[in-house]
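If you look up Swiss-Prot, you'll see 4-24, 34-54, 67-87, 100-120, 189-209, 223-243, 248-268, 279-299, 304-324, 349-371, 388-408, 422-442 (among others) marked as transmembrane segment, on the strength of sequence analysis.
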Amino acid sequence: MYLLLLLIMLNMLMMSMIYLFMLFMNKMKNNLNLIIGNLIIINLLLNLFNLNWIDWIYIFCNLSFNMYSYGLIMLTLWIFGLIFISLNNNSLNCLFMNLLLMISLLLVFLSMNLLLFYLFYEFGLLLIFYLVVKWGYSENRWLSGFYLMFYTMIFSLPMLYIIYYIYLIDYSLNFMLMEMLNLNLNMMLFIYLLMSFLVKIPIYLFHGWLLKAHVEAPYYGSMILASIMLKLGGYGMLRLMIIYKNEFILIQKILVMINSFGVLILSLMCLSQFDMKSIIAISSIVHMGLMIMSMMTFLKISLIGGYLMMISHGLSSSGLFFLVNVIYSQTNSRLMFINKGMINFMPSMSLLWFMLCSSNMGSPVSLNLISEVMLLIGMISWLKFMMLILMMYCLFSFIYSIYLFMFINHGKIFIMFKIKNGILVEYFVLLLHWIPLNLMFLKLYFI
């Protein structure tokens with residue numbers, strides 16, 4: 001009892017210190033972005049003790065949350081809170097679009113109706129398209145926006161017909177009812193429905209749009225894409241796996257085979273990239289490929305591991321994209337050949353590079369390690385032969401993470417002008433990426 005009271009008092013003290021620190025930053029930089037970000041972070045911290053109270057489902061007007069969506073809702077609020085704190089763009093249009101996108105993504109995770117899920121899902125894609133083409137870095141942002149809309153809409157528009165077909169057969173689009181009815185769907189329609197989610201994860205062979213979008217998107221667009229938008233596909237797959245388990249079993253070996261080769265090929269591609277954003281974007285596809293591959297085993301440990309992978313990767317990839325922006329804002333380049341020897345200019349930021357790169361490759365005690373161990377156990381339990389492929393994945397993941405860190409922070413210096421070590425807000429945002437990523441293992445019983 002006394003230990004519980006002590007923990008609560010320490011938590012209140014920590015929140016008070018963070019709140020005072022945020023107020024201090026508001027005095028230093030008084031704008032609406034920081035105020036909104038502060039409110040989101042504080043409200044989120046107040047709910048951290050409720051993570052184990054998610055066994056029940058609250059339903060109101062087809063909106064609900066349960067174990068599958070609660071963690072992703074928390075991730076969405078956390079990432080957008082950090083984005084609002086770090087925004088340098090004082091445009092109300094930019095702030096409004098990010099707020100609208102946050103609400104849209106929250107409604108996706110809260111939707112218990114397939115049609116509402118689809119509508120909010122596509123509305124979020126339109127908003128991220130607008131962010132890319134409006135605040136992108138170069139003229140190629142229009143081409144990136146075209147890739148984004150072409151790859152996603154070519155599978156998303158027929159999904160509306162499939163939803164209508166499901167309603168004609170089952171007379172309901174409610175996820176809870178569809179789970180209880182144990183429904184079956186025509187195999188061709190099921191594959192098309194599944195592809196609309198796999199393209200957005202994205203699966204190997206359909207990943208071209210993500211690389212284009214990441215390279216041209218503003219830093220907050222990349223943070224949203226990597227940490228939340230990719231997880232929409234994984235969340236949709238989780239919902240479908242419960243409803244259409246028989247159909248998934250028929251194609252599980254095909255998906256495992258495609259993703260096992262894709263994980264290895266894309267890991268090698270990381271070692272041939274010179275753009276920092278490209279390496280982080282490809283590593284995101286690799287992590288999502290491992291998640292799909294393991295979830296296809298339908299083992300409980302694999303499903304939990306995939307769920308934790310979505311949360312952990314959302315934090316680590318978002319932090320890495322923010323680090324790239326810290327360098328880009330001073331050198332106007334993302335090429336690793338130019339941005340070398342950064343440890344001489346910004347030693348404190350180099351430490352954060354190492355902390356987030358090590359978390360990204362699954363080092364102790366990050367949540368990435370726990371999720372990857374669960375996924376590897378699930379795969380090896382399903383098929384012993386997968387051990388060889390998974391060993392190669394772990395090796396390549398370590399190599400490209402160290403390659404990214406070493407190439408940027410060490411080596412001969414090419415930059416001849418002065419670089420600052422970073423500002424207070426940047427360190428605060430980066431620490432709020434790393435701290436929950438490495439402390440969440442203390443409270444895993446909520447799963």
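Here the Cβ of each residue, glycine as well, is placed from N, Cα and C on the backbone.
Two recorded stretches are said to be in contact when at least 3 C-beta pairs lie under 8 angstroms, sequence spacing 6 or more; the transmembrane segment (189-209) and the transmembrane segment (248-268) meet this definition. Sequence-remote contacts of a segment are chain residues at least 6 beyond its ends whose Cβ falls under 8 Å from one of its Cβ atoms, and for the transmembrane segment (100-120) they are 59, 62-65, 69, 72-73, 76-77, 80, 127-128, 131, 156, 159-160, 163, 166-167, 173-176, 178, 224, 228-229, 232, 235-236, 239. In this chain, the transmembrane segment (388-408) lies close to the transmembrane segment (349-371): three or more C-beta pairs between them fall below 8 angstroms, excluding pairs fewer than 6 positions apart. Per-stretch counts of Cβ pairs under 8 Å to the transmembrane segment (223-243) identify 304-324 as the leading one among 279-299, 304-324, 349-371, 422-442.
By number of Cβ pairs under 8 Å, the transmembrane segment (304-324) is matched best by 349-371 from the list 248-268, 349-371, 422-442.
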